[in-house]
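What Swiss-Prot annotates here:
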BINDING   Asp45, Asp84, Glu114  Mg(2+) binding site
BINDING   Asp45, Ser46, Asp84, Lys112  3-methyl-2-oxobutanoate binding site
ACT_SITE  Glu181  active site, proton acceptor
Amino acid sequence: MSKITTASLLKMKQDDQKITAITAYDASFAKLFDDEGAHVLLIGDSLGMVLQGGQDTLAVSVDEMVYHTRCVARGASNALIIADMPFMSYATPEQTYQTAARLMAAGARMVKMEGGDWLCDSIRHLTRNGVPVCGHLGLTPQSVHVFGGFKVQGRDEYQAQEIYRQALCLQEAGIQLLVLECVPVALAERITKALRIPVIGIGAGPATDGQILVMHDAFGITSGYVPKFTKNFLAETGDMHAAIRLYVQQVSEGTFPGPEHSFN
């Protein structure tokens, strides 16, 4: 696999080729995922839950994100590396720039921000200064207490229209990629068709331009609750390398996610 760039992902959308993404937090797994063909590695603030044992992502610091980004960058040769901007690290355009600068210096090639049109000024500020941005709409885990828990978003008409509107606004502000999390299949398909940029889904059905999973979910490393949208690829293969190859294959073929992993 040649080196993946934002231009590569855009061409994949245009050519109707599915994008495979997965979270990574260290050099060893980053190399494994990179070697087996994952296109995108996300250093997710999900590390606050799957590595640190927290109930949400809110306590993750910029320093921790920088550390894990540096680790992943050392292990990956070809995949596009995206780093999450942690909670309350992008409240103003200037703070956003300072956080993004640290993550990019650590090896990220794009930063991800959760939220809607209120981020547009910060997105423009970053893109003007050479920082590619990934948006994130639907279930945004940093807003878990606003939502009242980890719940599917966009099921009523008003909420669906608002997510659609915000997706268009973020695109016009300059994002080059969008993550859609836990939204109904029909809404995800509508947004994917409307946007010029690639849309990566998690719990958003098969119509998006690609899929992302938390690596622990893909390997069945869970502590009780298993989200509907996940699949244990390790259980089917018994080998981590084979598990990631199967994940990449099923995303590429469009067989994952299936109806049992999606919301209506």
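Using the three backbone atoms N, Cα and C, a Cβ is placed for every residue, glycine included.
Under 8 Å, Cβ to Cβ, and six or more positions away along its own chain, Asp84 (Mg(2+) binding site) finds Leu42, Ile43, Gly44, Asp45, Ser46, Val60, Met65, Val111, Lys112. Listed in chain order, the residues near the Mg(2+) site other than Asp45, Asp84, Glu114 are Gly44, Ser46, Thr57, Val60, Met85, Pro86, Phe87, Lys112, Met113, His136, Pro141, Gln142, each with its Cβ within 8 Å of the site Cβ centroid.
Annotation note: Asp45 (Mg(2+) binding site) sits in a coil segment as assigned by DSSP.
Reported as a whole number, the C-alpha separation between Glu114 (Mg(2+) binding site) and Glu181 (active site, proton acceptor) equals 11 Å. A C-beta separation below 8 Å, combined with a sequence spacing of at least six in one chain, links Glu181 (active site, proton acceptor) to His136, Leu137, Gly138, Leu139, Thr140, Pro141, Gln153, Gly201, Ile202, Gly203, Ala204. Of all residue pairs in the 3-methyl-2-oxobutanoate-binding list (Asp45, Ser46, Asp84, Lys112), the one with the greatest Cα separation is 13 Å apart.
Here the binding-site residues are Asp45, Glu114, and the one with the most other Cβ atoms within 10 Å of its Cβ is Asp45. Other Cβ atoms within 10 Å of the Cβ of Lys112 (3-methyl-2-oxobutanoate binding site) number 22 in total over all chains.
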